[in-house]
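A.B. asks: Pasting in a structure now, in C-alpha cells, and then I'll have a few things to ask.
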Amino acid sequence: MTSVVVVGTQWGDEGKGKITDFLSADAEVIARYQGGDNAGHTIVIDGKKFKLHLIPSGIFFPEKISVIGNGVVVNPKSLVKELAYLHEEGITTDNLRISDRAHVILPYHIKLDQLQEDAKGDNKIGTTIKGIGPAYMDKAARVGIRIADLLDKEIFAERLRINLAEKNRLFEKMYDSEALDFDSIFEEYYAYGQEIKKYVTDTSVILNDALDAGKRVLFEGAQGVMLDIDQGTYPFVTSSNPVAGGVTIGSGVGPSKINKVVGVCKAYTSRVGDGPFPTELFDEVGDRIREVGHEYGTTTGRPRRVGWFDSVVMRHSRRVSGITNLSLNSIDVLSGLDTVKICVAYDLDGERIDYYPASLEQLKRCKPIYEELPGWSEDITGVRSLDDLPENARNYVRRVSELVGVRISTFSVGPGREQTNILESVWANI
C-alpha cells in the first residue's frame, strides 16, 4: 500500500499540475478528489504546454489509470471539450475513469453562480462562474444529479425536470431573469453522458484494489489549502476541501491508506480573486514578479495578485493538511531582485502573532513582519542540483524549509519537467 497526496499550500496556482505530472512517472494510478473545472493546471512536455481543468495530470501516461473521483463536480460539456482537445493533440484517454458518484454541473448552476455573484456587488467572492458552488449546494441539499443519474435517460429527465422547475422559479421571481429550457438542456447533456459513458465506473473500487495490491497511487488536489471551505479564508474560498483530508471523502479511500502529503508552494505567493492577502505587493516589485512569473489565471485569464512568501500561511497549511514533504516552485522568478523577503509573523494591533486568524476583520489589521535576505542575479533556470544554486538562492530555500518546518523534497527553477530537481524521493521509505 503506497499513496501520496499532492496539495496546494497557498491560494492555488502553486504548480501542482507540474509536480503531479512529475511524480506520476513513478505512480500507477493518479486521482483527483475534489473541485471541478474551476481549477486550471498547466503541464509542459517537451516544450509544449497542455492546459487542463478537469482531467487529472496523469492522463499523459497511457499506461497509468487516471481517476476523477466522487468528490469532483463534473461539467460534462467541459469534460467532452477537454477530451476532444487531448484527442486532437494525439493524447489517448482510454486510461480515464470517472466516478459514477460524482455530481454533475448543469447550465442552471452556472447561471445561478453568475446571478449570485452579481447580486453581491462590492462583496463579491471572485468566483470563476463555473457553477462549482451551486453544484456543491445541490449536493449538500440532496437534490444533486450524479453521473449515474446522467446515464439513465428516465431518471435524468425526471430529476432535471424537478430541479429546473425550482431553479427557474428562483431565476424569474428572485433575480428577474429568464428561465432555462428543459428540452435543450436534456438533449445536450444526455448526449454528453453517452459520450463519457465508457469511462464511468465505481472508482472507489479501482483505487482500493490498487492500494491493496501494493500499487503506487497519487492523489491530486485542486486549488489550495487557503481556499479550503473549512480551513481557508472563508468566505473567500472554494466550495470543497482541497486539504489532504478531502482525499478520504472525495475518493472513497480510508485515511489509514494515506502515507505521505506533498505540499506544493511557490517561492512567493499569488492569489486570484478577492479575499485577505497579508503579503500582497502593490509596487514595481509586485509588477515584476507578475510579469516574470506569468501570473495570469489558467481558468480566468485574470492577473493574479502577488506577494512575498508567507511562512504563517505555510505553517497553517502544514498543520491542517499534515504535510510531510515540501515542493518549492518558481525560485527562478525571484532572480534579479536585490533583496527578497519572507513573512515570518504578523503584527496584530501591536502584538506579534505566528498563526493565521480566522477573523477577516483581524486579518485586515494584520501587518506582515518580514525577514530580509540578499537576492541573487544569476540565471538559475539551468540549475540541476541544490549545490548548483547561487549561495543566496540556496540560503533562501533552506530558510523557507526552516520556517515552514518541513523538509523540501523537490525544487523547481522553471516550468519544464527537466527543471524540477529531486532532493529526496517522496515514494521512498513508504
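Yeah, the Cβs are placed from backbone N, Cα and C, and that goes for glycine too.
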A.B. asks: With Asp13, Glu14, Gly15, Lys16, Asn38, Ala39, Gly40, His41, Thr128, Arg142, Gln223, Arg302 listed by Swiss-Prot as binding IMP, identify the candidate in Thr2, Thr203, Thr238 belonging to that site.
C.D. replies: Thr238
A.B. asks: What whole-number value in Å do you get for the largest C-alpha pair distance within Asp13, Glu14, Gly15, Lys16, Asn38, Ala39, Gly40, His41, Thr128, Arg142, Gln223, Thr238, Arg302, the residues recorded as binding IMP?
C.D. replies: 34
A.B. asks: Check Lys18 (GTP binding site) against DSSP and tell me helix, strand or coil, would you?
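C.D. replies: It is helical.
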A.B. asks: For Gly12, Gly15, Gly40, Pro303, listed as binding-site residues, tell me which one has the smallest number of other Cβ atoms within 10 Å.
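C.D. replies: It is Pro303 that, of the binding-site residues Gly12, Gly15, Gly40, Pro303, has the fewest other Cβ atoms within 10 Å.
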A.B. asks: Tell me, which binding-site residues from Asn38, Gly40, Thr128, Gln223, Arg302, Pro303 are within 10 Å of Gly12 (GTP binding site) if we use the C-alpha atoms?
C.D. replies: Gly40, Gln223
A.B. asks: Cβ-Cβ under 8 Å from Gln223 (IMP binding site), same chain, 6 or more residues apart: which ones?
C.D. replies: Gly8, Trp11, Gly12, Gly35, Asn38, Ala39, Thr238, Ser240, Pro242
A.B. asks: Spatially speaking, which of the recorded positions Asp13, Gly15, Thr42 is closest to Arg302 (IMP binding site)? Use C-alpha to C-alpha, please.
C.D. replies: Asp13
